[in-house]
């Protein structure tokens, strides 16, 4: 039993060992399968910290890494899935496929052994032009074994149209098998042939110069014996000039790599869209042309400065002229446009590159293979874009260093200073353009994120939609907190634009105008910005129309200072509402675009005329220099074509100057006494109105004859062609002066043409209102009428179209004038209706006052008949105060009342009252009651008079007709009270 148990136990242990070994083998197989990815057989190794990952180009800091012994690739464990297929496995598969294809073709190979075998490059490479441009020197050597391939041209030459169908099918299968090559393999074979060869072909034009500038500095590039002969200042200056040329050469190399290697490979090998490639490399062709030309000029100047018999030793003494020509004029404008576009799209280009690199494996493989070489390792796409962006910022530093170490002539230093100023101006313009382009792109982004139905009501202006944003320029934007009337804070996006402040609020990933208690569009007209006391982040925005105050808060104190500064600057330069309306209709927008196009055409016309006059003057000066031996003529005034400057001449002054030049030219050609009164009807005979006779155009006032037989004889003909003044100084020849006057006349006439064009555009763009417009229309109509009275003449079709356009424009102007007159008539009719209503009210008030006056006169008449005044002695007669009499109606008393004037010789007031009533019966009755002036006596005991003397105030007329009505009852009570004591006394 023990033996049986031992055997059983041994057998059990044996089975367990086999099971454990099988499990270990399965684990090893699973681990091996897990390491096997994309044809790579990865194994685990331990590496140092200096080993770089092939996939991500980063150092492998972990203790373990993966390596493929087939292709010797070391990567991170996490990067194995991103690695491309193993190249050795691909080559084995490719050789097997080609061997199979060649075996199938051997049965139908009809090519003779004497015929040389050709390489079917069109069937192998998908882009023949790219291979020819980059690998022309290596065309005879193939990277793949094609010894058993067939020439399609030779095969086709041995088969006619009557060949069997089976042979043709075999031929098509063989050629299709060659065309089925993967595009990624084509890229690999391209780069495997050597990036050095590609680079050498790219820089073939500057190969010699690149070797000459391989040293780090000028001191190391020249011979030591030649270096010891130079001064220290010259050595420093030449080092900087050498650095300028060397960095320019490197910059051209970077541009060529971007243009010829990356862009061409992406277009022809990867078959990317042209728009995508243009987004990666914007304006590289323009930049390459600009800097290649500049580098050629620098290298030519270096060759001119070489010492005789040497190819290394040189000293450049003159460089400022090249710098001025490069950074001024058309060249500077080209650089400004190219760098503005490139730098503004720098961020988008890098973002697009990262997206392509992350999602496209073929793109990853292309970039890795290109940058594998040592010469291109530091020239990836991102590095090249960054280098091109930073290049323009290096010029001011280099030129400033050259200027600091220049101790030569003053002219060179002055030119270097000018060049430095031009470079700084160019850099400032590029920065401004980049800022504007970035703000424009930001505005487009905001516009596309806005809700199309979003509108903000503007008081008395209408709705403000998102289309109004595109009319303006975005100056500044940012997120702020808007404090509402309830004390809550709302997150808003504030846009500072040309003439408005716009508040936007984000809702459902779209921008809308916030529906709050205040308008979300604020005009910059008379806008006031104030800081909030005791708050570092708050500020007030006080608007005038409508009068509102906004309280907003920024993220920091610096942001508030920035907002205050930019808002105040925008308020100072805010355009008026006449030039830039708040809300623009479609018709107004169309007219504005037309005006802008007209202004651009005027600028282009002025520029063309300026260039034309300059060429004419240059040609004339060249002819004069040849004839007179180097005598240069003065140039035209600089402000002739400057329409924006204050030196811009007016059309009238230009015309007067042109007439003066014509008269001077006439005096030079035919003499000062000849009157050129030629008419187109009879140019030979001219009648002098003073003498009544005929005068020939060749006879002067002194009777001297002039002959014009195809040439010009000047009025002063001396035996000696040279003329001298009284002091013996040489005078200018008449021919030179005539040519100079001709140049002046030519420039003045073209300047007049430019001024007239600009004036027409200005008058059409800004039509005056009222009589000036009617006068303009009348002048236009009179010109048309005079042109019509000249007589019928054949009119060209383009002229008919022009006249039709003019008539249509005049018709539109007349219609606009008619509408304006109608609006004016409606306003006048409304005013007339208001005046008529006021007139009716005044007539009613006048009738009421007349009725009250009649009633008062009737009461006075009744009172006078019932109570006659008692007879008194002359000494007891007292003068009546104006208040004690029956007062007439309100208007009559107000117009006739004269306050009493104090007399100098008496202590009492002389109450002489003069009453002029508009009612004649009332005035007669008043005279009867008061009596004659001789019978009036002064009453010094009147208490009312005494009170008036004590008061000393002037009597003021009543304020309203109601006061007059209330005062009419006063005289009756006074007379009744005065009558009682009179009766008692009597």
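Placement of Cβ uses the backbone N, Cα and C atoms for every residue, glycine included.
Taking Swiss-Prot as the reference, the stretch among 687-707, 708-728, 729-749, 750-770 described by the feature region 'Disordered' is residues 687-707. Across the domain 'PH' (473-572), the prediction's mean pLDDT works out to 90. Other Cβ atoms within 10 Å of the Cβ of residue 354 (N6-acetyllysine) number 12 in total over all chains. With DSSP classes pooled into helix, strand and coil, the tally for the region 'Disordered' (1-30) is 29 helix, 0 strand, 1 coil. Residue counts for the domain 'PH' (473-572) under DSSP, helix first, then strand, then coil, are 16 helix, 46 strand, 38 coil.
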